[in-house]
Amino acid sequence: MSNIFEDESLVGSRRKNPIFKDKKPLDHRFLPDKLVHRDEQIRQIAKYWVDVLDNVTPSNVTLYGKTGTGKTAASKFAREQLIEAANNENVFVKIEYIRCTDYTTEYQVIAELCNRLGRDVPNRGWTKAEVVNAFRELFRTNAFGRKLHLIVILDEIDILLEKDGDGILYTLTRTDNISVLSISNYLDFKNLINSRVTSSLNDKEIVFPPYGANQLSDILNERALLSFNDGVLDSDVIPLCSAMAAKEEGDARYALDLLKNAGELAFDEDSEKVTSDHVRRAKDRIEHNKVSEILSTLPLQQQRLLEAILTLTKQGEEITSGKLYEAYSDVSKSDAVTYRRIFDFINDLELLGIISTNTVSRGRGKGRTNIIKLQCDEVLLETALYTI
Ligand SMILES: Nc1ncnc2c1ncn2[C@@H]1O[C@H](COP(=O)(O)OP(=O)(O)OP(=O)(O)O)[C@@H](O)[C@H]1O
């Protein structure tokens, strides 16, 4: 059989893509040369970090803001600039970026930092104290031959704090020559931290507000110039992506996803232009992928519970827990779990944002009832449920 990658249709599409010039700039990990509308925040980070150029350990900083507001991009941007300035001034600085979804415990973060600094530490097997000692030793013994300043960026820190407590911040902020830049989605992130640690965080906080539609348009215009061939975007495409993303809490990542998916749909359909219709369908496609992704990770019984919720919703019924249990037992038959377990499942599905629950009072003496509602599109859910 001939090689599928050499198939005429694929070779053709690689050589000349009528829509995209280069898709990379639409990828989440792409770091653009300039971050429009984030000058102020980058300047603030620089104001704290600049101390390091005078050999002074910078203050710890916390960045707050909802998802897709440019926190990661701004901190990586500041990192690049500081590394360049430090090289020019011959100051020894390392800035290590750690995504706490990948390293979810203090042990893992410290071991990873040791490894990046050239001290081999196993990913498991040692005690936490041993790993912390090995790490501190690097700074105590001047292992690098000259004074190293380490700035640790802890992105999505909430995940680590929830899972493993605030020991990581304690360890890092109590080691000489280290400063931490924490990135959090929640303004109340300090509630997860003990006061012994908050005191060393020094309250240097930078807020990233959600982007408005016009700001999102500026961001998309910059990326579109790099990614799309001239003239392929209809004039209403970027304004529409921006307006839709502004509604989704000003999330630049979502705006970029809409634009990229709209372009891919246009390409798949051999269209010469990307239109607002592609954007609308891109929105459905993204939601569909999101729902499918969530569903594919759900245990079977929870999927069955969702099937039951879907059936009742389609029948136009008000869904109480009692009614739901009956419908669920019909779907699950002999392997149905107990009525009590259903409440855990309902809780989990609510946390995932697929359903919502609302407790209503039925009037005097009649007690209270839980009303369950679907929070995602019925058709999307149905397709996703029956295709996984
Ligand atoms: N001002 C901007 N200019 C250009 N691109 C931007 C800007 N702000 C965000 N982006 C882009 O939007 C995407 C999401 O941004 P980023 O990852 O920095 O958000 P975040 O606030 O860290 O989100 P999360 O909390 O979900 O991690 C990235 O691809 C980033 O490059």
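Cβ atoms here come from the backbone N, Cα and C positions, even for glycine.
From a predicted model like this one, the values you see are computed outputs, not experimental measurements.
Quick look at what TrEMBL lists:
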BINDING   Thr69, Gly70, Lys71, Thr72, Ala73, Tyr211, Arg223  ATP binding site
DOMAIN    306-385  domain 'Cdc6 C-terminal'
PLDDT averaged over the residues of the domain 'Cdc6 C-terminal' (306-385): 86
Among Thr69, Tyr211, Arg223, the binding-site residues whose C-beta sits under 6 Å from ligand 1: Thr69
Conformational class of Gly70 (ATP binding site) under the three-state DSSP mapping: coil
Winner by Cβ contact number (other Cβ atoms within 10 Å) across the binding-site residues Thr69, Thr72: Thr69
Three-state secondary structure, Arg223 (ATP binding site) (per DSSP): helix
Whole-number Å value of the largest CA-CA distance among Thr69, Gly70, Lys71, Thr72, Ala73, Tyr211, Arg223, listed as ATP-binding: 18
Entry from the binding-site residues list Lys71, Arg223 having the most other CB atoms no farther than 10 A: Lys71
Residue, out of the binding-site residues Gly70, Ala73, Tyr211, whose Cβ gathers the largest set of other Cβ atoms within 10 Å: Tyr211
